[in-house]
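Over in Swiss-Prot, the protein carries these features:
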ACT_SITE  Cys86  active site, nucleophile
ACT_SITE  His176  active site
ACT_SITE  Glu178  active site
BINDING   Ser230, Gly231, Gly232, Val233, Asp234, Ser235, Ser236  ATP binding site
DOMAIN    9-202  domain 'Glutamine amidotransferase type-1'
DOMAIN    203-395  domain 'GMPS ATP-PPase'
Amino acid sequence: MTQTAHPDSVLIVDFGSQVTQLIARRVREAGVYCEIVPFQSAEEGFNRLQPKAVILSGSPASTVDEGSPRAPQIVFDSGLPVFGICYGQQTMCMQLGGKVESGHHREFGRAFLDVDKDCQLFEGLWSSGSRHQVWMSHGDRVTALPDGFEVVATSSNAPYAFIADEKRKYYGVQFHPEVVHTPDGAKLIGNFIHNIAGIKGDWSMSAYRQKAVDEIRKQVGDKRVICALSGGVDSSVAALLIHEAVGDQLTCILVDHGLMRKDEAANVVAMFREHYNLHLLHVDASDRFIGELEGVSDPETKRKIIGRLFIETFEEEAKKLGGADFLGQGTLYPDVIESVSFTGGPSVTIKSHHNVGGLPERMKMQLVEPLRELFKDEVRALGRELGLPDSFIGRHPFPGPGLAIRCPGGISREKLEILREADAIYLDEIRKAGLYDAIWQAFAVLLPVQTVGVMGDGRTYEFVCALRAVTSVDGMTADFYHYDMEFLGRAATRIINEVRGINRVVYDVTSKPPGTIEWE
């Protein structure tokens, strides 16, 4: 059995909760490496990772239903500290001899926890007699504790809201400490990791960088690697890491589909060629892409055309180079986590980047994915470690299909150029106002609508530009950014005055849900 090279790590057993990734985020924020494994393969994951502690996640399942998920017995036989969250608490109790019943009073949302007794997990945080806000989301509840456990905190609807077996270092909570609505939740998880499990928390991007470089060198040897460089943070960090490991054995290919932001392709090429000495091939395929996209209005059809053309173009350029044995990709950890079905086997849903999906199979190449253990914020930290400037690392997310999905309806070179100029002015105003880093994502959209206007003494009939800006933590939910009207007026005036083809500007005040961040 191959063991993962992380001597101080935490195993998270996933029972299908929608917020399991947040548990991993909290553990990583505490400076400790962790992995999420579905309950069906948790024993294999345990043996491979050799963790110092185990966390059991929540689940939409009910512990009282026949065939509901269970933790592998090795978790409890190992003598390691265990932290059960919501469903994780319930299955731990049942497996150790306690009882769980379907609750008559379901508890969802904010609740208040009354601490009845001091415990090691509360050290430096909570004390007996105090009250704290937590976030509940459960129907079942524990009704009888296993031997060795005691209640340390309760809520109005959960008499076993926080239980502990201090001798065996088993802890169970009915609430969700991983969500931001439990203000002290991250600290509780940190206490479990550091104080209870005795893990130092010295996992760093510097250590990850060296480990990744060593692994790339071992995997690649003296063979060649090609990497699809989009200009985004993920592919850029992956390319720099691979280049650090194998140097000139790496060739990067930037397929310029003509759908990037103003001057973006030129800036990316200049940065990587001049500052990082990467062997970078810049392929101008804009005529090919825009030619096939012209007149196509369905957004999904646009995406499919762009994905197909990217694969074809990349494949052709790679063949001109004589091929390669390995393909470098900026795959992140959320892309490779298995989605867990608690009623059956795990259904693996690996999201392929729109423009590299299918390439390894078609070109018979092995994947090099040096970021596959990292979350997005960790990739940014690694980028800083590698010397990428904050101005690049902190850029707003940009979709793979580019401006094609910010131009609803049919596209043309003329429309793309209008949109490119409007978007550049909008982002320039945001930066001048010092708002760029406070906004998750901001962009302009060129609507397939023309309106009547008056400019000078003449009548105009030109396009409408919509401005979009949102705040978000992870992109899963988002709220529109609350600009002051003076800023919006200034940005709109510049766009109308400086961009020929636009005579009206509107601001999108839709949150996600019900809307999405992008328009298509």
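Sequential numbering from 1, following the chain as shown.
Using N, Cα and C of the backbone, Cβ positions are placed for all residues, glycine too.
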Residues satisfying Cβ distance under 8 Å from Glu178 (active site), sequence separation of at least 6:
Val19, Leu22, Ile23, Arg25, Arg26, Ile85, Gly185, Ala186, Ile189
Let me know the most crowded of the binding-site residues, choosing from Ser235, Ser236 and counting other Cβ atoms within 10 Å.
Ser236
Binding-site residues compared (Gly231, Gly232) - the one with the fewest other Cβ atoms within 10 Å
Gly232
Using the Cβ centroid of Ser230, Gly231, Gly232, Val233, Asp234, Ser235, Ser236 as the reference point for the ATP site, which residues of the same chain not in that list have Cβ within 8 Å?
Leu229, Val237, Ala238, Gly330
Mean predicted confidence [pLDDT] for the domain 'GMPS ATP-PPase' (203-395):
85
For Cys86, Val233, listed as recorded positions, tell me which one has the smallest number of other Cβ atoms within 10 Å.
Val233
Under a criterion of Cβ-Cβ distance under 8 Å and sequence separation of at least 6, what residues of the same chain contact Asp234 (ATP binding site)?
Gly330, Thr331, Leu332, Leu371, Lys376, Val379
DSSP output for Ser236 (ATP binding site) maps to helix
Tell me the Cα distance separating Ser235 (ATP binding site) from Cys86 (active site, nucleophile), rounded to the nearest angstrom.
37
Could you measure between Ser235 (ATP binding site) and His176 (active site) for me? Cα positions, answer in whole angstrom.
34
Students should find that the Cα atoms of His176 (active site) and Ser230 (ATP binding site) sit apart, in Å rounded to an integer, by 38
